[in-house]
């Protein structure tokens, strides 16, 4: 019996972000489209070769995207938004939908980009499909068929991947009122029929149809729609219905009634679902077991996975397939590009290329290959050794974790009492003005950081340069007459990576890039051991900045949940335990900052909402420990120390209780683009603490007028008492230039002063 092995997708960016650099050259008009397309073709061929050389049964095609796979599906279906449609869609059309008005060289006229949002609970973003009642669908964009043909010509056994019709509809949005996008399903299915027919004509035997929404708690109408959809698109091609990111426990009874040929489940995210799925699997169906985690960087315990799957193999025989849990696009590409890692640390990891090998090796072991079984056992040994390593599981950190009690999460005084202390100590006016933390990261800063990291600039010289940038930021803020200043974060390349580099327990990489959206890639740090703060991190910079001014200087920290969500977590302990370790480290930083004379400390938590589990029934438990982690970090603050937090979401209603439970003295939020509508959640809740609704959209180069800012502040004052309002931009100003920043902040300060005079 031979076990079929495959992956759900492979990273499309290239080992060293080749696609990113080619895209951006094309957008700048520096290369022709033919050169860009050649880069893509080379990457695809290399990806398929990686899968074939490892011994996988299939090479997956259709996982490559020039910008985003959902956007690729939009063009495949001939569903280009009308404002971007210009005859037959081409690559420039695709970029225009994803990016909006593009730079010269792409032939793209001005039009707004489609919305972008998170792909389920990952850090990848997709371009949101737009639906209106008159929409039609027709197979238009040939990329899928061309890539299948290319792979076949290269001799690969091809398994195309396609985003399913229900998930495609569900992940989009209606752009007309009184219209339900689900009513478009019959029209959409006609296009899917045509796609599957074309694939059959190309000689494809199996197609992977991704329906990740089957892992959600679906409304009945969406769950019921699956049976109709899959009856209509049934064809000569065998369908592997693919789910990931959570269990199918809520939808399994509907799934097993569908006219498909197999089911893929994510046994990394939800290992507990295996027994129920095996029990209910229809006769003759394939079960694709997603046991190699596609969302992390950790080596798989192949020995344990073999033992777990062997009874399933004995029962299902060749109908058990072995796979990655989800697409490997969420993993870095190749661990072999990290020679600076120690042999021990390297033995803990597997990036996408290594995960392909894991899948193939596990398949051979399940087939009874004695050598493969021995290799699995040897391969798994570093994972077992790591579990007992004292430098990974540190007794003193564990002891501190075990000492956490409810009292550790509470400030020493309630908000009303703290507010009185803070008013006396801080001496701030009505409608105090501040910024969110970062100031423009100029080319000079980036060049100096690069020189320091490459050893061309000494530590002393680099620190002197940073102090110069901090002094410049303080001077500019004083000239603007802002009430609460920040040091500008010149020393930070990234709000999470900076803390990861300065806390024990993290590992950073050189080429550990993963795609976030389009050409944007991120390089998450990896939690490899118990986390602790061995020395102060931000105190030197904040106290230096405070020494330059008589105004209040705000200390700037990234919160524990955000650091957790934007890094690769450990798999051997819970996310809660990691968050608590981070919280204790940040608690010490808060304590040191206030002892050094910093009276206002901001703990940013932009990712609390992003960390929500996919199933709503799991939200309460997550929010409880997420809130507790923030409170542990903040609770070392004395009553007179003012704790701020910052969040940038488009929706607060479902988490407003938890936002209030953070008990931050001041929360700043992103509201300018919503025209203050987001404040309604805080108004309805009767939010008790102070709030700074953003009045300057930092994502736009436009300079808001003083009158516009005044109107926004007035609207905010209709919902929140002016005595509890702050005036600030939406977010940090890292991506803006100084001329834009100073012009906008001058108007912000003037508007606040004018209204302050009217209200006093």
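Glycine is no exception: its Cβ is also placed from the backbone N, Cα and C atoms.
Swiss-Prot lists 17, 18, 19, 20, 118, 520, 521, 566, 610 with the feature 5-methyltetrahydropteroyltri-L-glutamate binding site. Residue environment of residue 521 (5-methyltetrahydropteroyltri-L-glutamate binding site) contains 18 other Cβ atoms, counted within 10 Å of its Cβ in all protein chains.
Applying an 8 A CB threshold to same-chain residues 6+ apart, the list for residue 436 (L-homocysteine binding site) reads 486, 602, 646, 668, 728, 729, 730, 731, 732, 733. For 436, 437, 438, 489, 604, the entry in Swiss-Prot reads L-homocysteine binding site.
Taking a C-beta cut-off of under 8 angstroms and a sequence separation of 6 or more, residue 604 (L-homocysteine binding site) has the following same-chain neighbours: 437, 495, 556, 557, 558, 559, 562, 645, 646. Annotated L-methionine binding site per Swiss-Prot: 436, 437, 438, 489, 604, in sequence order.
According to DSSP, residue 670 (Zn(2+) binding site) sits in a coil region rather than a helix or strand. Cβ neighbour count for residue 670 (Zn(2+) binding site): 22 (other Cβ atoms within 10 Å of its Cβ, all protein chains included). The Zn(2+) binding site annotation in Swiss-Prot covers 646, 648, 670, 731.
Within the same chain, residues at least six positions away from residue 699 (active site, proton donor) with a Cβ under 8 Å of its Cβ are 673, 730, 731, 735. In this structure, residue 699 (active site, proton donor) belongs to neither helix nor strand by DSSP; it is coil. Swiss-Prot lists 699 with the feature active site, proton donor.
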Of 17, 118, 646, which of the binding-site residues has the most Cβ neighbours inside 10 Å?
646
Return the member of 17, 19, 610, 648 nearest to residue 438 (L-homocysteine binding site) in space, with distance defined Cα to Cα and candidates limited to these binding-site residues.
648
Residues close to Zn(2+) site centre defined by 646, 648, 670, 731, Cβ within 8 Å:
436, 606, 647, 668, 669, 694, 730, 732
I'd like the Cβ neighbour count for residue 437 (L-homocysteine binding site), meaning other Cβ atoms within 10 Å of its Cβ, all protein chains included.
26
Residue, out of the binding-site residues 489, 610, whose Cβ gathers the largest set of other Cβ atoms within 10 Å:
489
So if I draw a 10 Å sphere around the Cβ of residue 19 (5-methyltetrahydropteroyltri-L-glutamate binding site), how many other Cβ atoms end up inside it?
24
Sort out for me which one of 648, 731 has the most neighbouring CB atoms within 10 A, since those are the binding-site residues we care about.
731
When you rank 489, 648, 670 by Cα distance to residue 118 (5-methyltetrahydropteroyltri-L-glutamate binding site), which of the binding-site residues ends up on top as the closest?
648
Alpha-carbon spacing, residue 610 (5-methyltetrahydropteroyltri-L-glutamate binding site) to residue 648 (Zn(2+) binding site), which is rounded to whole Å:
11
